[in-house]
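To start, the structure itself, in structure tokens.
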Amino acid sequence: GIPATVLSVSICVCRASSIQEDSAMENIVTEKKVEESHRQDSADLLIFIMLLTLTILTIWLFKHRRFRFLHETGLAMIYGVLVGVVLRYGIHVPRDISNVTMSCHVNASPATLLVNVSGKFYEYTLKGEIGANEVNDVQDNEMLRKVTFDPEVFFNILLPPIIFHAGYSLKRRHFFRNMGSILAYAFLGTVVSCFVIGLLMYGCVLLMKQVGQLGGDFFFTDCLFFGAIVSATDPVTVLAIFNELQVDVDLYALLFGESVLNDAVAVILSSSIVAYQPQGDNSHTFEVMALLKSFGMFLGVFSGSFALGVATGVVTFTKLRDFPLLETALFFLMSWSTFLLAEACGFTGVVAVLFCGITQAHYTFNNLSPDSQDRTKQLFELLNFLAENFIFSYMGLALFTFQSHIFNPMFIVGAFVAVFLGRAANIYPLSLLLNLGRRNKITSNFQHMMMFAGLRGAMTFALSIRDTATYARQMMFTTTLLVVFFTVWICGGGTTQMLSCQHIRVGVDSDQDNPVSVALVSITEGSERRSTKQESAWLFRIWYNFDHNYLKPILTHSVTFISVCVSNNPLPSHQNECQLKDDDSDLILTDGDINLTYGDITVSTDASGSHTSGGPAFAGAATSDDLDRELTYGDHELVMRGTRLVLPMDDSEPPFTDPHHRMRM
């Protein structure tokens, strides 16, 4: 009995030691796999960094050679396509057949799978479906999947700095002068474009069914969703060329303002279409109550997002001027948190962060220290540049690395025709209606240029890649990529030729113009300049007076009075120069005199001399010239007839300083 017991004990000990050895070997293998995965992830990120580096170097070469045919976004897409081709067809990972199990059968595809292997439980996460013909290329699919980012990365990390920079760098003077037209194009025009594209694509889908070219379900709501996402314009290429060539500021303002706002409209419109749910089993029938519910959701989400963005921008009331680094960090985090807070509350972060940027540029920027003002501008400009080029590089990469592309020639051709007609239905009818109320008409060549400049970009891509689970969404994503490629390469590359063809003047009235020069032009042109004011903007004038008298004094640290220096004796330069540091001066320039109203003091000069008079400022009404000056900021000096006034204007150029001139009143 004893030898048998000893034998059984020795067998148990051997089994235990064998299990421990197997466990140790398994841990070693796992550690090696983790290390290999880490190296692979680093190599994948290095690919994108090298793409951006190559793009920047090529951009420098293009700018040095003054080559305008291709913008950096189009260049980034080309490099992305080339790398995607190499990854898809040039690199093959050997298959490890020992790590693939083919005999596990389940009735569903759970998101998480627990597998019991010899008493140990392992958790597996669903990565997606692969075709039967791709089973032998599992390793290659894994490599391509690693360079495919989670769509939430685009929405939560890459989009916020792009949208915020659009609002933070908005040229308010030209934006508000054309505010009525911009709102019409962005809201009404985007809705019209969405339904025109949706109806045309539904006809195309019905035709595809008749000829047997449709391989899955494609409903009218899917067509409307496609119309919403491709209605978001992103003419970054055109605007960059406009800025470089100094194209008319009103054309620039109309295109830029429309692209900024219609991104927000397209996001909420697509969400409202997805939320359309009629009662009953068939969720794709037409029902009035469901339509009204979606419309109410559109208004509610937009209003809530708008209010949240403005509120967050207002409460960013920093008191850290003595510590610029901390001030800049707080400003950055508050701005980014606006997007995430809106998404967490069920609103739209794109709308919230856009209006947060506009609000912070109007109020919070004045409270920042000079160092923080420069840092925030440069920081968001850099983040916008990197994020935008990263997205366009990824677009080129995704054309070959995405696993579920569906190329349908009929749908692609129909989409191009629908996008063209939808853009035309947006621009031409609205321009005809707007010209009935505009003093400065939107000319036909401007309309043709706006039609041509309807490029699609980052927002369209981000909306299409967010959901690629169904047959319809996969076909939409593939077609959207091709639409973006065509508009960026062809339309963006032909901008200079289109300007010449439409005889649109360049080199005049740049959006970066010094407002002082604009004021001098207004003096020489006189009534001709005043007779071509864009829009009365009476509603905005009411808001301007309320903002000037109540909101600005509360929400900014700005000074609300002016000290007038009156002296007949020469004084040191720093005592004799009276500088206005706030951006709320009302400047009214005429042919014969200069009249500056600031708070309760009026400073005026005319051809016979100069004088200063004090008294209550007339704040009951504000002219269009007043609004123009209010919506620009910075420090500039206007020299005329021996009188120097330091006026708050556009900060795109450094203030003119001349120690030999002094303010004489």
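Backbone N, Cα and C atoms are what each Cβ position is placed from, and that goes for glycine too.
Taken verbatim from TrEMBL:
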DOMAIN    55-500  domain 'Cation/H+ exchanger transmembrane'
TRANSMEM  45-62  transmembrane segment
TRANSMEM  74-91  transmembrane segment
TRANSMEM  153-170  transmembrane segment
TRANSMEM  182-208  transmembrane segment
TRANSMEM  297-317  transmembrane segment
TRANSMEM  329-358  transmembrane segment
TRANSMEM  379-400  transmembrane segment
TRANSMEM  406-425  transmembrane segment
TRANSMEM  471-492  transmembrane segment
Worksheet item: Should the transmembrane segment (153-170) and the transmembrane segment (379-400) be scored as in contact, given a threshold of at least 3 Cβ pairs under 8 Å and pairs 6 or more apart?
Response: yes
Fill in: Same-chain residue ranges lying at least 6 outside the transmembrane segment (406-425) that approach it to Cβ under 8 Å
192-194, 196-197, 200-201, 203-205, 207-208, 211, 213, 215, 226-227, 230-231, 451, 454, 456, 471, 474-475, 478-479, 482-483, 486
Worksheet item: Quick one: do the transmembrane segment (471-492) and the transmembrane segment (74-91) have at least 3 Cβ pairs under 8 Å, skipping pairs fewer than 6 apart in sequence?
Response: yes
